Amino acid sequence: VLQLRETVLQQKETIMNQKETIRELTAKLGRCESQSVLEALPGEPKGGGAGRKGGFSKNTMGDLSRAPAAETLSQLGQTLQSLKTRLARSCARPLQQFSRMNSSSQTNNLKDILQNKIDDLEKQVLSRVNSLEEGKFNPKNESEERGKIESTLTSLHQRISDLEKGQKDNRPPDRFQLTFPLRTNYMYAKVKKSLPEMYAFSVCMWIKSNASPGMGTPFSYAVPGQANELVLIEWGNNPMEILINDKVAKLPFVINDGKWHHICVTWTTRDGVWEAYQDGTQTGSGENLAPYHPIKPQGVLVLGQEQDTLGGGFDATQAFVGELAHFNVWDRKLSPGEVYALATCSTKALAGNVIAWAEANIDIYGGATKWTFEACRQLN
């Protein structure tokens with residue numbers, strides 16, 4: 001009984017922290033509303049986000065009957081914090097754009113909808129703690145309650161995405177980045193098309209992270225019968241590695257400093273020759289990496305998670321934490337000049353002929369977010 005009481009007290013403390021987060025969200029919405037009302041006043045001037053299969057237990061969000069209640073509440077707290085970050089970043093510019101394009105009453109209505117969703121979520125979480133304290137929960141009604149909370153979170157994600165939409169209405173389809181703010185087993189993006197059979201490839205991207213230990217898995221490609229057909233991973237205290245058909249090469253990248261870096265890896269099946277480029281300069285090369293093994297087609301390409309099974313089996317310890325943009329794939333080796341053009345944001349830079357970076361080509365899951373891509377703007 002004493003142990004149960006201690007657990008309930010800890011859960012109450014967690015909920016109090018979540019309530020504080022919700023209050024901060026409410027205050028942020030209030031500031032956004034005030035700002036948009038000021039901008040709408042007449043006469044006022046307007047201003048101009050692997051390969052190693054360790055023995056870690058999976059922490060699947062939907063598998064509630066096997067997850068301790070305290071752990072579930074902790075996950076809810078992380079999700080609320082992620083929503084807080086998204087809302088804070090989306091308020092600054094998109095809500096101003098929204099208020100300029102729509103009437104003040106429409107902006108207030110959107111704020112009220114978000115507020116209602118947050119209030120509903122707070123009530124459900126507090127109700128859950130009260131039920132836990134009274135010993136009323138069993139696995140069945142706990143799953144039902146979790147389903148309701150997840151439904152509310154999904155709705156809240158969608159509403160915040162509506163705010164974020166104002167940022168991307170007038171930008172090119174490739175001018176965006178993906179943000180993975182938390183190390184989870186449910187945030188990821190999936191490329192809508194598979195890779196073809198390839199006897200050579202070049203994979204390039206912009207990447208930014210300071211996660212420790214290891215930034216995780218920027219991308220993984222799995223095919224039936226082989227989860228590690230093509231994987232880029234920095235796991236634990238190991239250096240970043242490229243895996244092809246479970247064969248490994250260590251890459252000489254030094255990029256875990258919280259700054260944007262452009263990286264490319266090229267490979268050919270002939271003798272398994274590979275090259276690695278960082279910020280437009282070749283930093284390493286090697287051979288005998290899965291020689292004479294073509295990359296197989298009909299697989300699943302995921303950004304942000306390492307696949308243990310085809311399209312799933314994610315492990316939070318191997319998840320990518322950071323930001324990623326301009327993920328492109330070619331079915332040939334790029335020349336050093338072509339890589340340099342990509343790293344310097346040249347107008348001569350080519351888009352991938354197999355996978356080109358475009359919003360229409362990817363689906364986003366679990367709260368991974370989109371923001372306007374900034375790295376090239378900083379370079380120029």
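Note that Cβ sites are derived from N, Cα and C of the backbone, with glycine treated the same way.
Feature annotation (TrEMBL): of 8-35, 92-119, 260-287, 288-315, the stretch labelled coiled coil is 8-35. Between the stretches 39-63, 139-163, TrEMBL puts its region 'Disordered' entry on 39-63. Across the coiled coil (8-35), the model assigns an average pLDDT of 69.
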